[in-house]
């Protein structure tokens, strides 16, 4: 042996000879059932361990059975009793109880000066213990961390795990959870549940009949009674009380002898006790309501019950060791590992579902489960504590997984979050939308368009402010506002010069200034036809096309021209008023005051006019078609009639398609685009007629021009958004 190794060995022997002072703090009857086997184990090795016992929480309350007495009956010396519970059984009382415990614990821990504090589980009292010990530099061994359930207990359990220096877990899954939470694997012991050390031997004992009779009466037989234990769910008190009431109703109807244990001290327990008393459970001949049953007797009662019902962890853990059928009610144990003996009733509106579960489970026996232990947990935990090196630095270390360092921004994240507010001022509706860089309509808002200028501006501002507030929660960063409107627009100044007749009082109106001032964002404004072209350039068929034209076929006829990748506005901002290209000198009157415009033939209003004329002459409707007296004849009726073979309707549509085709031929001859995009509700009906006219009337060099129907659902909104997105991301608009 080297001289260097000898001092180390001597130090190790000296440390082993010194007793390890272990403080076990117990807060209630449930955690004592897990801690007691370890306490007996520690007590049986006085040469290794020095046991100190601290009792607090509901152990010291008469309403909950003064369960500290069973600790004394087990012949443990209680070093300190701390009254830490503030009565009230509500959320505030739980918080105050934690605070009271934190006030009283420092004196006790300072006096006892333990090497290790043993803390169990997920109760609020245990959180106070772990917090005090961590701040006082006392090593903490946490039992049953890493498990998952369905209440605030999860958060408390994980918080204690982060404060603890060492962990003794029950299952492999819990071990993996702690490792995922960055706990040091070398400080995690897969021990099993300490209570299983008693359970697996207790099942074989033959005095259980006496225990059953003492609690439920001489006439009750094995597997012919029910054990009920339901606790409040602090994150959903109202629903947990409802489930408790339904459980009691089902048990009354089921008509079997039942042992009902009072709930724990969590918020909501007082209301549950009131429910129990209101239903007369304590006086009912089929029920025995008790505040506490000693653990040794309780496990015998569970082992030989016909069924256990409620939401206690005992049902999903300990009962499995006996194969006792269990009905787990509500969400308190959601996420727990369970054996096949557990039937879950997550929610119920009447007691019928719970009653049916009782019919299915009562009297069955299942294979015994050892998910939570094999009967050797205490032995492993005692051995583990002996390996703790008190000379090691107290500060715990977390084992964070390696993460690749980010050296640049994520383009997908940028595209997703950078967004625009788009406004479409239509003749009927006012629409606002949040639109992402990729053209996704994140959220849309629709209101009827008011009649006056003041009302419109006020409504636009209200809708935009709502959208901006929602954008924060939707992870969208608003870069600006784009407005699409009918009529002639000066986009440089954000002014509507002349509106269409569909939007009254909307001429020489400055839209940009009031919106920008109120919203503190840049604002762009343009004609709806131009916006449709911009939408196609950024999101549609025009993407990557240098020269193309978009024609809107809707209530009116409009459009936009993209030449050398730029939108053409013209010297007085009336370029691309494509609906007012004249295709006949003697044509019908247009809304602009002229005659023979494309819009006078091919717009939705023009088709509606012709449909009404035919209807008035009784020349519109075909067999199978009807028009209600209240229903206004429109373009759709005309199209339906043509599809059914109405020659007059066919003639109108042929003329409309020819007029639109002739106008597009003129456009081809003037600016020679490589693509024509038809947009709007009538686009699909005009696609073939337009292609036919181009093939018949266009110059040979223009006859191969592509004609496509737009696939964009909201070209006006998308175009309004593109003005914002292209400019703010430094693409020239």
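Cβ atoms here come from the backbone N, Cα and C positions, even for glycine.
TrEMBL lists 528 with the feature active site. Within the same chain, residues at least six positions away from residue 528 (active site) with a Cβ under 8 Å of its Cβ are 424, 484, 485, 486, 552, 558, 716, 719.
What TrEMBL records for 580, 590, 592, 597 is Zn(2+) binding site. Sequence-distant neighbours of residue 590 (Zn(2+) binding site) (same chain, 6+ apart, CB under 8 A from its CB) are 580, 596, 597, 599, 600.
If you look up TrEMBL, you'll see 48-385 marked as domain 'UDP-N-acetylglucosamine 2-epimerase'.
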Let me know how many other Cβ atoms fall within 10 Å of the Cβ of residue 597 (Zn(2+) binding site).
-> 28
In the same chain, which residues outside the set 580, 590, 592, 597 have their CB within 8 A of the centroid of the CB atoms that define the Zn(2+) site?
-> 579, 582, 591, 593, 594, 598, 599, 600
Restricted to the domain 'UDP-N-acetylglucosamine 2-epimerase' (48-385), the mean pLDDT of the model is 90
Using all protein chains shown, find which of the binding-site residues 580, 592 scores highest when you count other CB atoms within 10 A of its CB.
-> 580
